[in-house]
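This report concerns only the one structure given below.
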Amino acid sequence: MAGGGGIGPTNGKAYPGNLTSKVLVTCIVAAMGGLIFGYDIGISGGVTSMPSFLEKFFPDVYAKEVLLTVSTNQYCKFNSPKLTMFTSSLYLAALFASWVASIVTKVMGRKMSMLSGGILFLIGAIVNGFSKNVAMLIIGRILLGCGIGFANQSVPVYLSEMAPYRYRGALNTVFQLSITVGIFAANLLNYFFAKIEGGWGWRLSLGGAVVPALIFIIGSFFLPDTPNSLIERGKGDEAKSRLMKIRGIDNVDAEFNDLLEASERSKQVKSPWGNLLKNKQYRPQLIFSMLIPTFQQLTGMNVIMFYAPVLFKTIGFGDTASLMSAVITGLVNFVATFVSLLTVDRVGRRALFLEGGIQMFVCQIVIAVSIALKFGTSGDPGKLPIWYAAFVVTFICIYVAGFAWSWGPLGWLVPSEISPLEVRPAGQAVNVSFNMIFTFFIAEIFTAMLCSFKFGLFLFFAFFVAIMTIFIYFFLPETKGIPIDDMGAIWSEHWYWRRYVTIQKDDDTKKSTENKLQSQGNVVEKQV
């Protein structure tokens, strides 16, 4: 089965339960964690295109871009190590924070990890809004990054555990939808704040991050923890009661028993990190937790999002036009994410991955050729015809749409749903870490790459889009409609991964689980 196949649950399990209003509201509130990530992606590129911001913090770029006192190639005007460190320092902080967050998520629960992330992001937003120098900017960015590391580690796991398995894809996609809302809001605010007389609009852009931070903090405070997390922390009776409420039915024995059994297996794992890294049973989870976030960044999408105004400015758009183009791409990103939300649990993960990859590849080739023909190697198109600018922006928008209904949401969904409970926080930490490593890497070298590769930068990303689409075709089995703690079967039946994964029932674990269920059953029924 070379294509990875659409393997369903082989044991025929189909847990009863409804998509209750309680779960829907809970997942929407939790997904607001994406707001802080999206707002930062959108805001950073916008302020770096504001002349007053450049003049205060990055005078070398200001001299090349605004004063024109330093002659340089159009592609190289924003090539500044200090400027890229302003953008990329956040992702380095998020990398380290995600490892700490994995421990907090396991020991104290998903809710506490989300709350911590919101508070750290709030402090970082305040520091950035009042920044007097580059050092304050970097400190603020580090705090923002710590907040994002906590949120990105805990929110996708929370959503995957709360959602009924039939709706897990759609509810997890709300996280990516929230990211797109943050990006669009940031781009829109940048457009209006850049028009403020006196040149202090950048403070409102950076300081405005307190709004999504407060939304996330308040929402996290009122969220219930997941049944999986409660069981993990020895609160089995409360977990069963919670499961009944969120599924909207009185009999959740089948799902609860499997959660409890998964927890017993988890407790027998002394070192989740060691098992994830060394135990071949978890080899596919480890590989996908590393490669999916890596490939997600090598699509070049984050370059478009947090450098959109800089990119549009470089290829011939004026100050206001570049910010408006960023608003347009942000809006496309938001709207197109709904396609994934509506189809991910119907057509499946593989179909969206593959279609989105092909669409992005074609668009990147067209964009590279278009820029090469008009902008050449100097990056100066002279007077850019309106129709030509519209053509380039159109294909950038088609590219953004392809990402928004494929690698954007699925890059968070798939890694969060494939790991068993005993290594789930560790697996998600690996996912976030690789996401942040490569986000940092791309952000750090983007302006230098643009200066060196020029229009060839789009061909660079197109090459990786082709590689990752082929990888998904051959190695990712379909995960739609499979209960989260029943995912092992898809790996044991896959043409490649079955050499690593075998499904075995541990008699000692089953006996321990049955004894624990029997001892807890009467207490649970009385409390419910």
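A Cβ is built for glycine as well, from the same backbone N, Cα and C atoms used for every other residue.
The annotation domain 'Major facilitator superfamily (MFS) profile' is assigned in TrEMBL to 26-480.
Per TrEMBL, the feature transmembrane segment maps to 23-43 (among others). Residues 90, 114, 117-118, 121, 144, 147-148, 151-152, 154-155, 158-159, 162-164, 171, 174-187, 189-190, 205-206, 208-209, 212-213, 215-216, 219-220, 222-224, 246-247, 302, 305-306, 326, 330 of the same chain sit 6 or more residues outside the transmembrane segment (23-43) yet have a Cβ under 8 Å from a Cβ within it.
Here TrEMBL flags 83-105 (among others) as transmembrane segment. Here the transmembrane segment (83-105) has Cβ contacts under 8 Å with residues 40, 44-45, 48, 57-58, 61, 112-113, 116-117, 120, 134, 137-138, 141-150, 152-154, 157, 229, 306-307, 425-426, 428-429, 432-433, 436-437, 439-440, 443-448 of the same chain, all six or more residues outside its ends.
Per TrEMBL, transmembrane segment is recorded for 112-130 (among others).
According to TrEMBL, the transmembrane segment annotation covers 136-159 (among others). Same-chain residues lying 6+ beyond the ends of the transmembrane segment (136-159) with a Cβ under 8 Å from its Cβ atoms: 27, 30-31, 33-34, 36-37, 40, 57, 85-87, 89-98, 100-102, 104-105, 110-111, 113-114, 116-128, 130, 168, 171-172, 174-175, 206, 209, 213, 216, 223, 226, 412-413, 415-416, 424-425, 428-429, 431-432, 435-436.
Feature annotation from TrEMBL assigns transmembrane segment to 171-194 (among others).
According to TrEMBL, the transmembrane segment annotation covers 200-223 (among others).
Feature annotation from TrEMBL assigns transmembrane segment to 286-308 (among others).
Beyond the ends of the transmembrane segment (320-344), by six or more residues, the same chain brings 42, 45-46, 49, 169-170, 173-174, 176-177, 180-181, 183-184, 186-188, 190-191, 194-195, 304-305, 308-313, 352, 393, 396-397, 400-406, 408-410, 413, 480 to within a C-beta distance below 8 angstroms of the stretch. Residues or ranges marked as transmembrane segment by TrEMBL: 320-344 (among others).
Positions annotated as transmembrane segment by TrEMBL: 351-373 (among others).
Among the features that TrEMBL reports, transmembrane segment is placed at 385-408 (among others).
Residues annotated as transmembrane segment in TrEMBL: 429-449 (among others).
The feature transmembrane segment is assigned by TrEMBL to 455-476 (among others).
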Problem - Winner by Cβ pairs under 8 Å against the transmembrane segment (112-130), considering only 171-194, 200-223, 351-373 - result: 200-223
